[in-house]
Amino acid sequence: MGENSMGAVVPTVKPDTSPESAAAPPLPTPPQMVVEEEDVIMEDADKDILCPICMQIIKDAFLTACGHSFCYMCIVTHLRNKSNCPCCSSYLTATHMFPNFLLDKFLKKNSATQMANTTSPFENLRQALQQGREVSIKEIDGLLSLLSEKKRKMEQEEAETNMQLMLSFLHCLRKQKLEELNEIQSDLQYVKEDINAIGRRKIELQRENERFSIRTRMLVKDPLATNDWPSLTDKHGSDIISSARSMQVQMGSGNSQSKKANITAQTNFQELQRKDAYSGIDLQSVTPSGMIAARKRQIYSQFSELQECYIQKRRYWNRQSHKWEERVRTTINREGYNLGLEDFQSVLTSFTRYSRLRVLAELRHGDLFQSPSIVSSIEFDRDNELFATAGVSRRIKVFEFSSVVNEPSDVHCPIVEIPTRSKLSCLSWNKCTKNHIASSDYEGIVTVWDVTTRQSVMEYEEHEKRSWSVDFSRAEPSMLVSGSDDCKVKIWSTKQEPSVISINMKANICSVKYNPGSSIYVAVGCADHHIHYYDLRNSSQPLHVFSGNSKTVSYVNFLSNHELASASTDSTLRLWDVKENIPLCTYRGHTNEKNFVGLTANSEYIACGSETNEVFVYHKAISKPMASYKFSSSNLNDNEDDAGSYFVSAVSWKHDSPVMLTASSQGTIKVLVLAA
């Protein structure tokens, strides 16, 4: 029992005290061997401090009578099941175990040393302060020195990072500016080339004018002196010579012919005056210099927009010249202009030709005994001789355009009036049969009317809700399309009552239009903020979907076979290329947030109404309005508070003309014309 109670003794090796060993000097140990021996010793020490049961560092060490150390909880748990030592299987009970204070102290010191080696000085200081241990000034100075060095290193790294970021930004900026410089240099080269081309053309025109002046003077002095003409003419003047000789023959044809010619000239002059009135040109009040000054002001007012248009067109045609080099060589126009310059010249000419809208005529869309009402739709017929109006008055009224313009009257009477069962939302003249017109109404009924007989030709009643839009096909006059609040687009034929095609959509239909060059393509404006472009040969899904509006698309209208204009209640108009499936331009300036304000377009200009009771005209290449006209409040019979709620409700261009029909929510219809 006495031996068992003493505990295990660590075996030691006695030093050799023989004279030989004492006399021999110790051999130096290589440093590498010392390191290896230390590693072996540390590995053995690590094994000795591990609990044989849990194989972790011993916690709360207890020593058994047989000399083995364990974690207290590990050995207690073991003795609940067995009564032997896990290492040597000696008989063991709880009474044969004793706390190993020496090993516990060693383990705590070893743990503190390892923690000091693995944790940061700051963490050691924090733990020391939390545990209440004393910290020397030397340790604090060392820590401060370490923190100062760390701070300097971090600042240096941050400065290097910032410089790297700045260098990267400057390289990117330099690259971008070089690209912009290259673009500016290319654009400047375009300008130089075009200035030279226009200068050459101007010289040619001056020479032609000089040659014409010489020929005219010679003709006045000696009409028979034709022998000298060939020496003063070239191949470009042959037409003028022929005209001069024809004049000479006519001058000697007698007094009767002269009188007849004077009558014809007077008639032609009156016709020219009438055309000038329609086109907004006053020959007596506008001098050439004044007109040039007005057109220059128009340029300066939209200079940035025109500049952008010029650059885009020159760059586009420059890219095309690389693709179709041979073709471009053969398509340079006779003035010697680049195609981009020629394209822009057409834009500049059409844009500066007009700067305002003026009134040609005005009529009230109301009966003598009824108050005026909103005009929902207005449209010219096939030949631009008649125009029809419709709205909430439940009547289609047809007027003769010439009488409205040439015969001023307080109330113009329609030449045809057709009563309907419901309020009307849209009209569409047949592009082939002059006396046929289609209407859509608030009950969803689409009707084709014969204006001559005032009777309906066909009625289509498949729509379940209000029908907002109807349109006859220009390519196939027997076909028409309609759209409704029932989210359906219907294709109809005047040869049968059932619909030919029905397209189910997910949103209300606000506007439908046939492509003017085909009967198989239809554009649909929806309340889902998109324009859906369908090929009717596969109506299960749209061919293109044009996105970009933030609100309902209220109107769609074609400028050409590939250009489509749209209007939205986000107060924008947009132009799309339906062939290339790309947006072309966005127009802003009018106000449209809730009402149908009308949309009309021709080959160059787009016009729409506004909730400010104005009409706006845009050139298709310029995003800002080029002209506008406001319906005067003096025309309104209500008070000024109500005047703010009035708006322009319908617009329609006269085909190939600067004349436009406009209608307001008061029932007033005005014939406007673009003017210089």
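Counting starts with 1 at the first residue shown.
From the backbone N, Cα and C atoms, a Cβ is placed for every residue, glycine too.
Automatic prediction, not curation, is the source of TrEMBL annotations.
In TrEMBL, the feature region 'Disordered' is placed on 1-31, out of the ranges 1-31, 125-155, 435-465. Taken as a whole, the repeat 'WD' (460-502) shows an average pLDDT of 95 in this prediction.
For the repeat 'WD' (460-502), the list of distant contacts is 425-433, 436, 438-448, 508-519, 522, 524, 534, 536, 539: same-chain residues at least six beyond its ends, Cβ to Cβ under 8 Å.
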